[in-house]
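Straight from Swiss-Prot, the features:
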{"type": "REGION", "residues": "1-23", "note": "region 'Disordered'"}
{"type": "BINDING", "residues": "Arg95, Ser96, Gly97, Asn108, Thr112, Ile113, Asp114, Lys122", "note": "substrate binding site"}
{"type": "REGION", "residues": "160-185", "note": "region 'Disordered'"}
{"type": "COMPBIAS", "residues": "175-185", "note": "compositional bias 'Gly residues'"}
Amino acid sequence: MSHLQAHMQRNNKESHSLSPFSQDSQHVTLPVECLEHGQGLELPHYATSGSAGLDLRAALAEEETVVLAPGQRALIPTGLVFHLLPGFEAQIRPRSGLALKHGITCLNTPGTIDSDYRGEIKILLINLGQENFSIQRGMRIAQTVIAPVVQVNVCAIEPDQKDSSQTPSNEGSRGADGFGSTGHD
């Protein structure tokens, strides 16, 4: 039995024997394909019962180290392919400890993994700190939050169209003000 099969079997028992693509009111199962260079790494899991994000790990070769100099960015493989259910996305977010202690964060945050994407999840990291930062195999480099997606129907309206029976009011309490218009305190 592969690492992935064992994890899915354990996960299914913990999720009341849900099939890999099922959901109930409490759980959505995320089938994860583990690529060859990701074999042996821990699958994403929640660190605590209240965690929103699943930790993602660097799937570098055993002897490989990626050194990010200040200001440098790199695309780090995770060795994982997510098989998301339609109606969900995976948001890629930085880990707060890496950001605070080392200035390491994700670019394009939150990054969106669409439900129909079937390529490897890779993390675009940047070093905003003052010192070099080394990334090695198995290091927790980011987190992913699985979230529902609402797709909308887009319709064009005329600037003076105010028929509230067809479209929401365009008279917002802020008007067109933005970028700090509500204050700085």
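Yeah, the Cβs are placed from backbone N, Cα and C, and that goes for glycine too.
Under DSSP, Asn108 (substrate binding site) is assigned to coil, being neither helix nor strand in the three-state scheme. Ranking the binding-site residues Asn108, Thr112 by how many Cβ atoms sit within 10 Å of each one's Cβ puts Thr112 at the top.
DSSP assigns Lys122 (substrate binding site) to a strand. Around Ile113 (substrate binding site), the C-beta neighbours below 8 angstroms that are at least 6 residues distant in the chain are Phe82, Leu84, Glu89, Ala90, Gln91, Ile92, Ile121, Thr144. Contacts of Lys122 (substrate binding site) defined by a Cβ separation under 8 A and a same-chain sequence distance of 6+ are given as Leu75, Ile76, Pro77, Thr78, in order along the sequence. Over all protein chains present, the Cβ of Gly97 (substrate binding site) has 10 other Cβ atoms lying within 10 Å. According to DSSP, Ile113 (substrate binding site) is assigned to a strand segment.
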